[in-house]
Amino acid sequence: MADVVSYKDLGLVNSREIFRKAVDGGYAIPAYNFNNLEQLQAIITACVETRSPVILQISKGARNYANETMLRYMATGAVQMAKEMGVEIPIVLHLDHGDSFELCQSCIESGFSSVMIDGSHLSYADNVALTRQVVDYAHAHDVTVEGELGVLAGIEDEVVAEKSTYTQPDEVEDFVKKTGVDSLAISIGTSHGAYKFKLKEGESVPPLRFDILAECQKRIPGFPIVLHGASSVLPEYVALINQYGGKMDGAVGVPEDQLRKAAASAVCKINIDSDGRLAVTAKVREYLQNNPSEFDPRKYLGAARTELIRLIKHKNETVLGSAGKA
Ligand code: G3H
Ligand code: 13P
Ligand code: ZN
């Protein structure tokens with residue numbers, strides 16, 4: 001068996017303290033997914049420059065794409081890079097949407113400081129049992145755990161029609177008590193990807209179910225709540241993508257004012273992946289179209305990285321409120 005690595009030796013922190021401060025302070029910690037070097041450089045640069053705590057997320061797709069060991073070493077390099085930039089910010093390395101005990105265990109043993117066990121597709125009893133098993137193992141290593149109750153609609157689903165997928169407030173207190181989780185992801189109308197709502201001509205995005213959020217908060221006062229699927233799908237990126245040869249008609253996300261409202265409540269972690277993908281795609285398309293003879297990836301990926309830094313600073317400063325909280 002490979003040696004067990006403690007996240008503390010890598011300069012990482014778990015999410016306990018930063019969540020407590022975020023709940024008390026009425027802001028949210030950004031959780032950005034990364035799959036490659038330029039994304040990671042952009043996240044660290046933007047979070048150091050805005051003095052924001054940050055959660056670096058690794059998904060199953062990221063592990064398949066870039067290799068788990070590679071990503072972990074990259075995250076360690078990122079911690080070092082942040083230090084060399086002269087400002088200490090809390091950095092969490094988090095498993096996004098873990099789907100088994102074994103996966104969570106292997107991430108904990110390889111230096112992750114936080115894991116999500118996503119049992120939201122299981123029966124309630126099975127979700128409780130699996131989450132409890134992960135929590136017991138994680139807490140023995142001082143690693144924090146995110147659980148999930150309620151299913152986020154898939155990108156093909158009719159979000160507004162699927163009432164049954166929203167988190168049921170009556171379950172949250174029992175779930176938190178029985179599992180011992182440190183934070184809870186809930187479903188209040190967001191979904192993953194760039195096509196979150198199917199809107200007919202003239203329709204606007206339906207508001208998130210803040211009533212469900214309020215009911216959950218009432219049952220578990222002060223407990224850290226997590227919002228997945230929180231990209232805003234900024235129209236300027238969709239327009240650039242379409243202008244430079246892409247085809248993303250109908251792409252729509254959660255308006256930023258809704259996220260501001262969520263961040264000011266018990267929502268203390270906001271997951272953003274698609275917005276970064278859109279920024280990168282828009283800038284790569286634009287660069288290549290405007291510079292047809294260029295073939296150095298550093299040029300077009302560099303342009304994408306610059307835009308990603310701008311986007312992340314914008315999120316931290318004007319949407320999540322995490323800037324200056326490191
Ligand atoms: O929750 C989903 C994240 O956006 C990660 O997606 O599995 O395609 O990397 P992925
Ligand atoms: P988006 O697709 O809205 O960026 O959501 C990302 C996410 O929830 C990662 O877990
Ligand atoms: Zn998610």
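Glycine too: its Cβ is placed from the backbone N, Cα and C atoms.
TrEMBL does not curate its annotations; it predicts them automatically.
Long-range C-beta contacts of Asp96 (active site, proton donor), restricted to its own chain and to partners at least six residues apart, with a cutoff below 8 Å, comprise Ala31, Asn33, Gln57, Ile58, Ser59, Lys60, Ala62, Met116, Asn271. Under the three-state DSSP scheme, Asp96 (active site, proton donor) falls in the strand class. The active site, proton donor annotation in TrEMBL covers Asp96.
Residue environment of His97 (Zn(2+) 1 binding site) contains 21 other Cβ atoms, counted within 10 Å of its Cβ in all protein chains. If you look up TrEMBL, you'll see His97, His192, His228 marked as Zn(2+) 1 binding site.
In three-state terms derived from DSSP, Asp118 (Zn(2+) 2 binding site) belongs to neither a helical nor a strand segment and is classed as coil. Residues near Asp118 (Zn(2+) 2 binding site) in space but far in sequence (CB under 8 A, at least 6 apart, same chain), listed by position: His97, Gly98, Asp99, Gly147, Glu148, Ala185. Residues annotated as Zn(2+) 2 binding site in TrEMBL: Asp118, Glu148.
In the vicinity of ligand 2, defined as a Cβ distance under 6 Å, the following of the binding-site residues Asp118, Glu148, His228 are placed: His228.
Less than 6 Å separates the Cβ from ligand 3 in the case of His228, drawn from the binding-site residues Asp118, Glu148, His228 in sequence order. In the three-state DSSP scheme, Glu148 (Zn(2+) 2 binding site) is classed as strand. Fewest other C-beta atoms within 10 angstroms, among the binding-site residues His192, His228, are seen around His192. Counting Cβ atoms from all protein chains shown, Glu148 (Zn(2+) 2 binding site) has 25 others lying within 10 Å of its own Cβ.
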